[in-house]
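One structure is given here, and the rest of the page talks about it.
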């Protein structure tokens with residue numbers, strides 16, 4: 001393992017804990033801060049697209065798929081499918097929109113609009129930025145296909161750097177690298193600064209979504225109820241936010257970003273896989289349920305989503321696929337030993353009160369040892 005750049009990522013700790021503190025202080029403050037960062041990010045990407053697309057050359061797109069679908073035979077390089085699996089983390093945050101439903105006005109209408117709208121806008125930006133980067137300078141491969149982030153990849157990049165060559169794939173600031181290569185150094189500097197400034201927006205959204213998931217699980221009895229405590233002043237789930245922020249800070253400090261992305265991809269792909277199946281099951285079992293938003297052509301879209309998630313999952317690195325059953329086993333143990341016997345649904349409680357220092361929690365009725373008879 002390469003420790004030439006240090007063992008602990010101190011900036012990652014600082015950013016993660018700062019975002020955690022912001023989320024503890026309040027949702028409104030976090031939303032305002034995030035909105036400012038998003039404006040910075042969108043402005044920088046728009047500038048990048050506006051400068052690179054006019055400089056794009058068709059020759060830079062040939063060959064269009066140099067590594068094919070599954071990578072060159074006999075190498076560890078990624079093809080289109082493997083690359084799609086590795087960058088799937090770019091789509092992780094969209095499902096987090098749904099976790100804000102309780103804090104959204106008219107959520108039945110606005111959450112689907114926000115989720116699908118943000119997905120469409122970001123996908124458009126992804127395509128335009130990629131077209132601009134490759135069209136302006138080309139893919140600039142290093143040599144034979146190798147696994148991104150591997151020791152062999154780092155060795156190839158170091159050898160090229162020693163000769164004064166820095167291909168796009170080896171750059172630590174790819175977009176700024178492209179702009180400087182086409183003589184827009186000033187724009188490259190601005191985009192690099194904007195990228196560093198706007199980075200916390202992604203962390204904020206992911207922490208926000210994950211803490212709300214844990215909060216609801218704790219409120220439903222699947223996790224200790226202390227995690228569902230709401231701060232009496234800031235009205236935020238401060239306990240679970242702080243604990244989640246500490247865990248994220250430790251993971252970000254010790255693990256390479258590539259490994260974290262692949263681990264995140266494995267869990268997200270599995271979750272989307274199961275959600276797609278659940279949509280089909282619910283549509284079959286409860287077709288008359290009131291649904292403000294209905295998935296169009298569900299019997300086509302959902303099976304395609306299942307197949308797509310499965311195909312991407314099996315193309316992740318083996319280590320990332322191995323993490324999923326380990327975390328799944330830990331979650332199953334927590335559910336069997338704690339969640340199953342403390343679940344409010346299992347105890348017949350359908351309405352729960354948020355915990356804070358001023359309001360005691362409602363008593364949870366014990367689990368019945370025998371089912372109700374028809375006469376009760």
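A Cβ is built for glycine as well, from the same backbone N, Cα and C atoms used for every other residue.
Since the structure is predicted, the reported quantities are computational estimates derived from the model, not experimental observations.
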For this session: Among 57-75, 76-94, indicate the range for which TrEMBL gives the feature transmembrane segment.
Result: 76-94
Exercise. With TrEMBL as the source, which of 263-283, 347-367 is set down as transmembrane segment?
Worked result: 263-283
Exercise. Counting Cβ pairs under 8 Å that sit 6 or more residues apart, are there three or more between the transmembrane segment (239-257) and the transmembrane segment (6-25)?
Worked result: yes
Seminar exercise, completed: Per the Cβ under 8 Å criterion, with at least 6 residues separating them from its ends, the transmembrane segment (295-314) contacts 81, 84-85, 88, 265-266, 269-270, 272-273, 276-277, 279-280, 283, 321
Exercise. By a Cβ-Cβ criterion of under 8 Å, what residues six or more beyond either terminus of the transmembrane segment (263-283) are in contact with it?
Worked result: 85-86, 88-89, 91-92, 95, 289, 295, 298-299, 302-303, 305-306, 309-310, 312-313, 316, 320-321, 323-324, 327
